[in-house]
């Protein structure tokens, strides 16, 4: 974890002095030691601060890790608090003064790390020898001193075959931060530092079985005793290292120079004296320069116009050159060959995209490294070194090399190497173009040995290019086919598919969604999803869900919400959401696939109403039967009395009501299963309407209603009992749901002038009507026009479903037309001639 740079305490500390830098790694005291070491390795720092409530309570450095490894007491799971250095010297922000005071305090206490705290003792930053060295501007003093004046001549060394654990013990025994590795001739060939030990421990290397020569840092950058400290300071900054091995011209070890050596060279008194001398020289130079500047200003004004015009021309040329360079760099990144550029010494300056694919190394991993470092094979290294020397003579080379990838696999490559020259014609770098010729080499082995090597090479190269073009064409066709297949799937699937960007704008909507909501694609694309399509009561919840999804929080990938159609209706959708990512694996939006479960909710509501119906329709008659039988059986009410006879009548009516309920359910099941065949015969429509009206006229009279019939008498082919059942059910519903004093109309008419001749029955009442949203489901099971749930009109909700089944078995249709407050009309059509369905 790191402190927040926006924290006011941290901002105050860093503004007081440039040597105060952020704390790269700080952990709580219960953190396992192995985890702390891993964090230290990942951040590439030499320390871990242990904090509690943002206050430093200890520090663990690379030297502490070396001490643990050397003593063989390292336990990865033990808390960091058991191995840290508990006595931590700190620097309060109020005590921060000039750089020399901080330097003297670190020298006095022999500190390499100095945490900075505020007045509340909370951690806000840290001063290290490296950050302190970065702030020193005494370049003149450093230029006047040589490396041999401050280098350490007593250097701890080890042979190349020494195991890493023995080297760690040497570091701990001599309390040094590094060990120089010598070859058989006692010449330095590498170095292992405390930071390297941290990396080895993080990688889990077997330190008892790993010799130094396999993991040491090599080759060593040559630093000589006569070099200036300023040059060494610049090299440390450029290479980002903390120490250099000092060698004599003959390659013998001379000593070691570290950041501490540079800091020790800055004697405060000498620095102050140098500053005063420089100030005097600067004042004298300022006076001389002022006179020269006045003379030069007059000359410059005369040349200003000419130079300005020339500068504009050069800027235009430079801009054109820069555009050309960017264009060429873009071309290099798309070619199907590895393009690598290095400086004259072989350090990598450019690594194109195909090189990453071919060698397995990313550009970030190889930039600034020697080309020899990524060639572990010694023969390949020797050949590459020879080619670099040859190219320095401005020769162009092309040929075959056996190259090794990052994963250790090898492949033959055809390489073309060319030197690059500066404006003076001097070689300043190397450009190499490489291509994997594994396929060509495999084909060469199958060719006849009679062909010459040159013809074979060119012929196979052509075949390789053709095969490459063929593979590209095949893959392109496959990609296009896959894209077409997925797009066709999205266009045809009967599910809602919506794509959103990170701002919540719609980037894709499939046709099924457009048809569902009634909008065009132009109206939906780029519209805000939450504000335009989500119900106001759910907008906050849906907006928060997608924010959490885009942040990759642990939330369910499936959720449910209501969307609004263009007409204002709500549809219930259950979604499955997936994040969309770009080639760099960055989240760029989301794709949601949803299922419209509005009808499923309606079915669940119908099931609930069915439960209510069963509770009412079964419990009510059963209660009446049970109560009446109990009163009669116990003799509480004499069976021969008027009250007893009335109870018998109640029991009989309740029993009949139960029988009707069971009959309706059984009838519907038989109709739907095909176990209830029709017995069709030619009948007169008046026979059916007269039978129905005669049976219900008494019921209508009791309800103070009138049934009017208009039937000219039309012959039809139908099952008389079933059609009678349909009309009886429709008239019975009309009587139930019409107010007293109403007139119910039953009409029959023939429609033979159209393409499908049929008889039309119509039953119209003057009731309260049926809402438009209920009309599509009125013929479903257990659905009644009375949706209040109290079912005061009685009934099972199966009558209209039975009517629909009977009519459809006759090859006819049934529907309703209704307006609230004006009544309802139920229509039934039956074909005059036998239909294909019959």
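Quick reminder: no glycine exception, Cβ is built from N, Cα and C everywhere.
What TrEMBL says about this protein:
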DOMAIN    20-77  domain 'CBS'
DOMAIN    84-144  domain 'CBS'
DOMAIN    151-207  domain 'CBS'
DOMAIN    216-274  domain 'CBS'
COILED    275-317  coiled coil
DOMAIN    331-375  domain 'PAS'
DOMAIN    397-449  domain 'PAC'
DOMAIN    482-558  domain 'PAS'
DOMAIN    613-834  domain 'Histidine kinase'
What stretch of 20-77, 151-207, 331-375, 397-449, 482-558 shows the most Cβ pairs under 8 Å to the domain 'CBS' (216-274)?
151-207
I'm a bit unsure how to read this: which one of 151-207, 331-375, 397-449, 482-558 has the highest number of Cβ pairs shorter than 8 Å with the domain 'CBS' (20-77)?
151-207
Segment-segment contact (the domain 'PAS' (331-375); the domain 'PAC' (397-449)) at 3 or more Cβ pairs under 8 Å:
yes
Secondary structure content of the domain 'PAS' (482-558), with strand meaning DSSP E or B:
42 helix, 14 strand, 21 coil
